[in-house]
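For reference, Swiss-Prot has these:
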- 1-401: region 'Carboxyphosphate synthetic domain' (REGION)
- Arg129, Arg169, Gly175, Gly176, Lys208, Ile210, Glu215, Gly241, Ile242, His243, Gln284, Glu298: ATP 1 binding site (BINDING)
- 133-327: domain 'ATP-grasp 1' (DOMAIN)
- Gln284, Glu298: Mn(2+) 1 binding site (BINDING)
- Gln284, Glu298: Mg(2+) 1 binding site (BINDING)
- Glu298, Asn300: Mg(2+) 2 binding site (BINDING)
- Glu298, Asn300: Mn(2+) 2 binding site (BINDING)
- 402-546: region 'Oligomerization domain' (REGION)
- 547-929: region 'Carbamoyl phosphate synthetic domain' (REGION)
- 671-861: domain 'ATP-grasp 2' (DOMAIN)
- Arg707, Arg746, Val748, Glu752, Gly777, Val778, His779, Ser780, Gln820, Glu832: ATP 2 binding site (BINDING)
- Gln820, Glu832: Mg(2+) 3 binding site (BINDING)
- Gln820, Glu832: Mn(2+) 3 binding site (BINDING)
- Glu832, Asn834: Mn(2+) 4 binding site (BINDING)
- Glu832, Asn834: Mg(2+) 4 binding site (BINDING)
- 930-1070: region 'Allosteric domain' (REGION)
- 930-1070: domain 'MGS-like' (DOMAIN)
Amino acid sequence: MPKRDDIKTILVIGSGPIVIGQAAEFDYAGTQACLSLKEEGYRVVLVNSNPATIMTDAEMADKVYIEPITLDFVSRIIRKERPDAILPTLGGQTGLNMAMELSAAGILDECNVEVLGTDLTAIKKAEDREAFRDLMNELGEPVPESDIIHNLDEAYTFVERIGYPVIVRPAYTLGGSGGGICHNEQELIETVTSGLKLSPVTQCLLEKSIAGFKEVEYEVMRDANNNAMVVCNMENIDPVGIHTGDSIVVAPSQTLSDREYQLLRDVSLKIIRALEIEGGCNVQLALDPDSYNYYVIEVNPRVSRSSALASKATGYPIAKLAAKIAVGLTLDEVRNPVTGTTFAHFEPTLDYVVAKIPRFAFDKFEQADRRLGTQMKATGEVMAIGRSWEEALLKAVRSLEIGADHLLLEEAENADEATLERKICFPEDDRLFFLAAALRRGQTIEQLHAKTKIDLFFLYKLSKTIELENRIKENPQNQEILAEAKRAGFSDAFLATCWNVDEQAIYDLRKAQNLFPVYKMVDTCAAEFESTTPYFYSTYEEENESTRSAKESVIVLGSGPIRIGQGVEFDYATVHSVWAIQQAGYEAIIINNNPETVSTDFSISDKLYFEPLTLEDVMHVIEIEQPLGVVVQFGGQTAINLADGLAKRGVKILGTSLEDTDRAENRDAFEKALGILQIPQPAGKTATSVEEAINVATDIGYPVLVRPSYVLGGRAMEIVESEEALKHYMTNAVKVNPKHPVLVDRYVSGQEVEVDAISDGENVLIPGIMEHIERAGVHSGDSIAVYPAQRLSSQVKNTIVDYTTRLATGLNIIGMLNIQYVVDGEEVFVIEVNPRSSRTAPFLSKITEIPMANVATRVILGENLIDLGYTPGLAPEKQEIFVKVPVFSFAKLRSVDTSLGPEMKSTGEVMGKDVTLEKALYKGFVASGTTMHDYGTVLLTVADRDKEEAVELAKRFNRIGFTIMATKGTASTLEEADIPVSQVKKIGENQETLIDYIRNGQVTLVVNTLTTGKRPERDGFQIRRESVENGIPVCTSLDTAEAILRVLESRSFELESMNTSEVKQPKARV
């Protein structure tokens, strides 16, 4: 079938901000789709609210709208651009839900817009739990016994019939949001209430729990001619009951017999044909390990997280081909871009094993509930490829960057028996390490299988790894065992620990017997056809398939798995750096291990190595490629942390030298540099013991800001207001010693300002100055950033430009740097300098039209800013206002405090752009998911220090028609200021409390600032959690509340009675 010529313009809907359950995989899918459609000659219009994505670059579509993905804004874009069709299946759950909303509102009919890929009927059949169950019954495919419920009474009726445990699956939600396994009535009430609130159609499926079955996924494709094929099948190591996004996954499946594989394959193809999906689809199935019985769990009628994994695991570009199928091309017409000779209907064949391990943010959220279930909690994932499951697993473990280079975690090894049993029987994010610890203590694989239902095959493989560990320890420096260990995926670092030598000694041992990895090609066809894919993985075999080209090359280190503090922004910079290297005439090589990202699309670079970002693994690639140098500025702290080890092995680090990087990151060296440059910073010192920290704090005065040196995302950073609190921090939050000092600074409660700059060593370009809405003390990644700065005087701006220029040249920066300042009146203090790319670089690149990573890379390669066409100094400011608003995933992480502070908590961001600050903020808030009510009730409960400021906010809320509700202390303050207020009871009082009002939907906005003391802290935490779980916006900073208020005021109107009166009535606004 030829591609369709009756459509000219296609609207692609993106997935919006990064949240748990919907991450960088949709930037990868959307980028592929836009390029694929443009390749076919279509005019592409894109809407996405996330500025930190490659897909929102101007080159990716004919028209790019960085606007909220809401019915209002997408309808406006459709009416303006008049697309012939929309493609929603590459924008995750956001894209599907938006297509359904547009249809329900009549916009698609009104503007005569066709839905491509998966039609609305198929979306409804797959996403609506009742329609899906009915379809499976029609097809004769088994689903677990279930019922559709719309309220708690219906849930009780179902449970009375089949008993506990039951699984709750809300309709039209992402990453299992609101769902879970319920073992008792209390869990049922909590989960069903949450699920019904989060489901856009107030619908949940309750089903009999089949926890313990094997969970298997099939990634399938279908075209308009009803050709269908399996791209990849994947097996979850964890059985049914844990969300697939939180499971360790292996591809291809390892424990299915041929009969089981074919049985489930046939079911998957039958389902995609029944749904008449044109494109990609993910089918999840549960298989009884003791029989051939199976159930269909669910179908994602779109490109998904698993699609990205399947694409990277096989090399088969699912999103690219799904876009071509959506416009009428068929699988037997489209060439497989991997081989260039075969067609897309050939099913990929793997002669290697792929392991995926999820990455969690529990290092940031120590109080979070780490228990895994049907609601996803991982922020990202890593993938590794090997010739065996053991090798792939161990490579994936060391890719996680959790301080483990092997299946060995200190907490697991030192756990008492009760903790060990709990961690094995009730799975958390680190269960893999506790399984290894149990095997070391002598538990059998049969015992572990009985407790976990993990297949004996995987437990057997783990036990063989532990057995090999023991032989390694018993035979120090034995060459045969060394070779066996390397083939099994063991790292030099772990072997060095076993033999009590350093890593270099292990390397020398390997060198003596020429024991080095070779690189194999990912070619989709197990070498059956000739392939030229520049996509490689390492393994210890004989034949090497990666050969160095004659062209000079540059290696760019990626940023690894997405986590809080190091997100998709760094992948954005990595991709742009690669393109700049290619433009400069060099071969660009990427090393990375994240299957979700654009950077690990093999078509982006000249060569892709899918490898752990450890010194050993990176050095192996360097030895074979012999690059001109390595770029570390764009891979976040992951890449920066490797720089020292690489330099010591003679590798040239391109850009800012190691010594100068250390001067920026090492506190004492940085203080000396600031002294020489005569740039002020808040008073502070480095402490290497608890006593020293107390002395420093006493000298400079409380409150103080404390943080460990060399961190990203403000990990373990805190504002401390007393000696008691400081002692608690020093003994609980950090392990302080001379090798790991802690920084103690005077806390300046001023206005925070952020600057990204590029330096060529002589000239410094400053694309823009951003101010934060929230005052200093809230992490920059969690603050609302505004460009151009609205509240800074010309004098302050000139000072910032002067300090930035002095810092860049004084620290000998070559490439990018990010500086954070605090402004107190007209005084400017530098807080920190990061000699690398930052999370604001994509945002600033988009709005200033200065491609920062590209320009910085050209500078790193030796060019200067003036020759590249840039004038040093501050770039001319834009007339429009741009805001970057953080997005949080608190609804997925129960028990996490939503209050903002120096430790970063946001998972993503959105952009708002308009002619006024209020309009830009409105777009930003709406795009972030904040519900903006024009009237309602504001609950105020604030700390004593904030009460005076809260009075002014309450007056303004009252003036535009909001009702004010407050707890006793805050209410008294408001009453004294003659502000009408309803006093509500605190938590624990016998009558109806503020929690009841929140749960009953009587509150539209909560403003709650942190109060010290155990009881107020506990109450504040409960208020904030209840607000999040009931979908109510909660502000823990008065600055954020004021920003929301500004927006609401801008949307209100003056209302004044025309009656004349001797007593002049105050104006009211609503």
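In case you wondered, yes, glycine gets a Cβ from its N, Cα and C as well.
The binding residues for ATP 2 are recorded as Arg707, Arg746, Val748, Glu752, Gly777, Val778, His779, Ser780, Gln820, Glu832; their greatest pairwise CA distance is 18 Å. Listed in sequence order, Leu705, Ile719, Tyr747, Ser749, Gly901, Pro902 are the same-chain residues at least 6 apart in sequence whose CB falls under 8 Å from the CB of Gly777 (ATP 2 binding site). In this view, Asn834 (Mn(2+) 4 binding site) is surrounded by 21 other Cβ atoms within 10 Å of its Cβ, with every protein chain counted. Following the DSSP three-state reduction, the secondary structure of Ile242 (ATP 1 binding site) is coil.
In this structure, the C-alpha atom of Ile242 (ATP 1 binding site) lies 14 angstrom from that of Glu298 (Mn(2+) 1 binding site). With respect to Cβ neighbours within 10 Å, the binding-site residues Arg129, Lys208, Arg707, His779 differ, and Lys208 shows the lowest count. Cα to Cα, Arg707 (ATP 2 binding site) and Glu832 (Mg(2+) 3 binding site) are separated by 12 Å. In terms of DSSP helix, strand and coil, the region 'Oligomerization domain' (402-546) has 77 helix, 11 strand, 57 coil.
Taking Lys208, Glu298, Asn300 as the binding-site residues under consideration, the smallest Cα distance to Asn834 (Mn(2+) 4 binding site) is found for Asn300. Rounded to a whole number, the C-alpha distance linking Glu298 (Mn(2+) 1 binding site) with Val748 (ATP 2 binding site) is 52 angstrom.
Here the Cβ of Ile242 (ATP 1 binding site) has 25 other Cβ atoms within 10 Å, regardless of which shown protein chain they belong to.
Gln820 (ATP 2 binding site) has its Cα within 10 Å of the Cα of these binding-site residues: Glu832, taken from Arg129, Lys208, Glu215, Asn300, Glu832. Its own atom aside, the Cβ of Glu215 (ATP 1 binding site) has 24 Cβ atoms within 10 angstroms in the protein chains shown. Using Gln284 (ATP 1 binding site) as the reference Cα, a 10 A cut-off selects Asn300 from the binding-site residues Asn300, Val748, His779, Glu832. A strand conformation is recorded for Arg707 (ATP 2 binding site) in the three-state DSSP classification. Closest to Asn300 (Mg(2+) 2 binding site) in space, going by CA atoms and restricting to the binding-site residues Val748, His779, Glu832, is His779. Residues within less than 8 Å, Cβ to Cβ, of Glu832 (Mg(2+) 3 binding site) and separated from it by at least 6 positions along the same chain comprise Ile819, Gln820. According to DSSP, Glu215 (ATP 1 binding site) sits within a strand segment. Helix, strand and coil counts from DSSP across the domain 'MGS-like' (930-1070) read 60 helix, 23 strand, 58 coil. His779 (ATP 2 binding site) sits 39 Å from Glu215 (ATP 1 binding site), taking the C-alpha atoms as the reference points.
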